[in-house]
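For reference, the structure is listed below as structure tokens.
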């Protein structure tokens with residue numbers, strides 16, 4: 001049984017991706033038998049290229065994706081270079097879990113209210129400093145360059161990349177390198193960048209690629225913060241896929257393939273950029289430049305890191321205030337009064353949706369845990385660790401843009417008559433939950449001292465007894481953290497729920513994004529908060545439960 | 001029945017190259033010491049005996065325990081105890097639960113508890129059953145680990161650098177305890193170490209290993 | 001397809017090939033008991049969502065029907081869904097049992113034979129519907145023929161904040177002049193949002209000297225000529241819109257916070273009572289009022305339709321009938337709830353039922369039926385499809 005788990009896991013992870021791409025490929029070339037259309041034909045691409053907004057939409061996808069990734073990576077590199085190993089860094093590390101678990105949509109809502117012309121920042125400064133008694137007519141959110149959208153992506157991707165970087169630093173043993181560099185007269189930042197960063201980057205490369213693919217094809221953030229005249233290519237794909245005119249699906253499928261090509265192109269471009277940066281970096285290393293202007297870089301990196309963290313926290317605070325606000329207009333910093341009305345009105349439904357959200361996340365994560373633990377145990381027993389290719393396989397579902405294969409998957413499910421509902425949605429969530437659970441659990445699982453298993457075996461414990469009675473309890477904390485990561489991934493899923501659920505399955509994320517179009521900030525506040533709580537509570541439990549269970553077992557607290 | 005541990009033409013290979021070869025019978029109460037620098041495959045030999053040889057290695061030959069061939073048996077079906085340089089007490093279990101983990105199933109709760117208490121008394125740790133292993137000193141942990149192993153009724157004992165983490169005083173103390181217990185229980189003992197003092201204290205035959213593969 | 005529509009058109013009102021047969025109401029209610037009705041309705045308005053939840057409670061109480069609100073961002077999604085199901089051969093128990101629908105979506109579904117019915121005019125509460133005075137038998141010039149059942153009347157009103165814009169405007173030309181004098185203070189939702197397209201229609205209807213041409217299907221010959229003044233108007237207006245027309249609010253309700261914050265002075269709504277409701281919910285300042293144009297404004301009815309492959313058609317008809325009940329209609333008209341116009345004929349009601357309507361405080365920003373004035377008919381859907389596409393090309397997809 002255990003032997004088949006790795007294959008089953010691959011099937012659960014890649015099966016839907018491959019099937020979805022197939023379901024996209026056929027209609028992109030005019031083949032959609034269920035609608036009485038037979039290919040091959042290039043008409044879908046013709047109509048795609050005839051769309052007037054294509055240039056702008058494609059440019060937006062590429063620029064927002066690449067700029068957001070480059071900015072996030074730059075901020076993370078500077079923070080790590082300036083502060084890793086210090087007390088400030090440990091504080092930042094502790095902020096990571098809550099920051100990571102905040103769903104993209106909630107962070108985007110919060111940010112939108114912070115930076116809008118009528119937003120909190122503007123209110124704080126008005127009218128005293130700005131002289132505005134009415135919000136200025138400035139195109140800050142939904143700007144055509146996608147700057148607000150880039151900001152929304154950066155505040156969420158910085159914590160993700162920082163977490164990956166911290167894990168990589170752990171393996172790179174930076175202290176000694178840094179010591180050598182500093183003893184040779186290098187400043188902390190340049191010393192770190194020259195000696196540690198190359199090793200760290202090779203470890204976080206795949207996560208960086210994930211960020212590129214994600215940022216280029218994200219839908220919910222683009223709906224909330226991105227421009228609409230035209231929107232990004234991903235948003236337009238979703239619009240085409242839901243057009244009552246079935247032939248638009250063909251255009252949508254063609255656009256999805258185009259999107260895939262854009263992502264592949266952007267990844268290649270990035271790969272070339274890596275080569276260029278490596279070469280420039282080498283020249284910089286050879287120059288022997290000691291780079292002693294550390295203080296300003298350190299202040300800058302701390303500033304950027306804090307701004308991106310505070311943007312999320314204050315954004316959430318604004319959601320909280322809106323959810324209790326009576327009338328609240330510009331330029332008042334706080335509402336005229338507070339009321340329970342919004343919660344009274346939306347609380348019950350939000351609570352019910354909370355249950356549905358948790359149910360879907362719970363089942364998906366349970367399946368993922370079973371598969372991942374099974375794979376890791378099989379790996380342990382066979383003694384064959386995951387290969388480089390296996391790691392790429394893990395990342396594959398995260399590298400293929402969602403908009404490229406989910407529409408195809410939806411068409412495919414419909415044409416085979418699979419009923420919509422929770423089960424397909426859970427399986428679609430599993431595609432994204434699995435890799436994250438695997439990545440989160442793999443390292444601590446492998447880091448476990450296997451001599452424990454030898455001792456337990458020598459004491460007469462069978463392999464499954466070793467697993468249940470020794471390994472799993474000792475790794476309870478990482479298992480629960482992986483569970484929390486999985487739940488937060490599932491809670492944040494917008495497109496899989498929307499497309500595969502066929503509208504019948506609503507989670508806090510789909511409800512919140514649906515509310516976004518209505519602009520009711522109070523209701524958005526309730527759902528955005530509920531969404532954040534749904535992702536945060538498991539993280540809190542992952543910390544509290546082991547601390548409570550093992551309260552008398554000192555060695556299980558780090 | 002002859003109480004002994006026999007390594008019959010045992011050879012460990014890596015990539016087809018032999019690392020270590022042993023052909024020896026350890027009698028009850030006797031200690032065989034295998035010495036050599038780290039990296040020659042001493043621990044790998046022990047993992048072959050416990051049945052946990054990493055897949056990169058290949059082991060040939062037979063392991064006979066009390067004359068019965070156990071080479072093909074799974075790890076949990078080989079009644080062989082092992083001690084490492086670290087105590088490897090399970091951190092999520094109390095001292096008593098650690099001991100209970102190794103005890104063969106059966107007996108009432110009171111009986112098992114009595115056995116645990118007796119075992120702890122034997123190593124001068126009376127009343128430690130409910131303690132968190134993390135609160136014990138190094139010597140205390142080593143004694144718990146020894147007793148945990150003994151309570152599982154092993155028929156042979158393997159020592160993998162078992163004393164190298166302990167400081168000088170403690171080391172002698174624990175080592176004497178282990179060897180004394182092994183003699184009392186008539187256990188054949190196989191010890192790997194890089195420390196000559198350990199080897200001398202064992203008082204048995206010593207096999208000195210050199211790297212076979214390099215030349 | 002065409003044939004079926006023809007049969008429906010020729011059929012006498014009582015002729016029904018719907019199964020279950022709405023004329024046998026007892027059989028319908030008996031069959032409906034225990035059924036679950038998936039009502040696909042736009043989910044962007046929290047007040048509407050609450051109203052639908054209340055309807056769910058009531059039909060459960062009276063008829064044992066479970067109502068699930070499937071919240072859509074776009075009604076077209078539901079149409080797509082039914083279409084896909086038909087292609088996939090799912091003819092008996094589709095995912096959707098009822099759709100909040102009107103206009104081009106209805107026209108498309110009726111044309112493609114995707115609707116159950118006719119049923120609406122056999123529902124018991126049809127007797128109290130104002131089928132003479134309200135536009136409930138045509139939907140954007142398309143004959144309804146019982147394939148959808150009305151539940152609310154909507155009419156375009158302009159919403160202005162009297163604190164910053166005291167005076168109302170009488171025509172679209174006046175609106176343009178005002179926008180030029182007050183740049184950045186007006187916007188409309190981005191088409192194809194229905195309120196956005198309604199604004200375009202309202203503009204066209206008001207600018208044209210004789211809008212009757214819009215009642216006929218648009219042709220390749222007359223389309224360019226008829227709509228030319230609209231594009232000229234929009235070219236003049238767009239630079240003076242909020243954000244210079246480089247961004248648009250997503251929906252009508254998304255403009256409320258913009259008014260509340262003082263970004264906008266003027267917006268448009270398709271629900272005469274929505275502004276009062278929003279004031280009550282703290283979403284708009286109490287200085288907001290509404291007005292209509294001198295020549296009147298566009299109005300239409302909101303309907304519910306049942307897909308041909310609903311497995312719970314009986315339950316859906318029970319819900320549709322309840323929506324037309326005096327109880328539901330009075331609640332919908334309450335500005336504290338929805339503020340939607342009623343489809344009922346006051347004279348056909350019992351004195352008690354009428355009293356419930358009379359007792360409603362319409363709210364400070366709501367115009368009385370007399371003030372709302374004459375309702376202008378919706379243009380034929382063919383105009384709107386083309387105008388929305390052209391709008392997207394000119395203003396929506398980057399220039």
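Glycine residues also receive a Cβ, built from the backbone N, Cα and C atoms like all the rest.
The range from A:350-373, A:446-469 that TrEMBL describes as transmembrane segment is residues A:350-373.
In TrEMBL, the transmembrane segment annotation falls on A:95-116 of the listed ranges A:29-50, A:95-116, A:117-138.
Looking at A:60-83, A:180-203, the range tied to transmembrane segment in TrEMBL is A:60-83. The recorded stretches the transmembrane segment (A:246-273) and the transmembrane segment (A:95-116) do not share 3+ CB pairs below 8 A when only pairs 6 or more apart in sequence are counted, and are therefore not in contact. Below 8 A, the CB atoms of the transmembrane segment (A:299-330) and the transmembrane segment (A:145-169) form 3+ pairs separated by six or more positions in the chain. Contact between the transmembrane segment (A:394-417) and the transmembrane segment (A:206-226) is supported: at least 3 Cβ pairs lie under 8 Å, counting only residues 6 or more apart in sequence. Contact check: the transmembrane segment (A:95-116) against the transmembrane segment (A:350-373) gives fewer than three Cβ pairs closer than 8 Å, residues 6 or more apart, which falls short of the contact criterion. Cβ atoms under 8 Å from those of the transmembrane segment (A:350-373) belong to residues 5, 8-9, 12, 422, 425-426, 429-430, 433-434, 437-438, 441-442, 472, 479, 482-483, 486-487, 490-491, 497, 505-509, 511, 526-527, 530-531, 533-534 of the same chain, restricted to positions at least 6 beyond its ends. Each of A:60-83, A:145-169, A:524-550 was scored by its Cβ pairs under 8 Å to the transmembrane segment (A:475-495), and the highest score goes to A:524-550.
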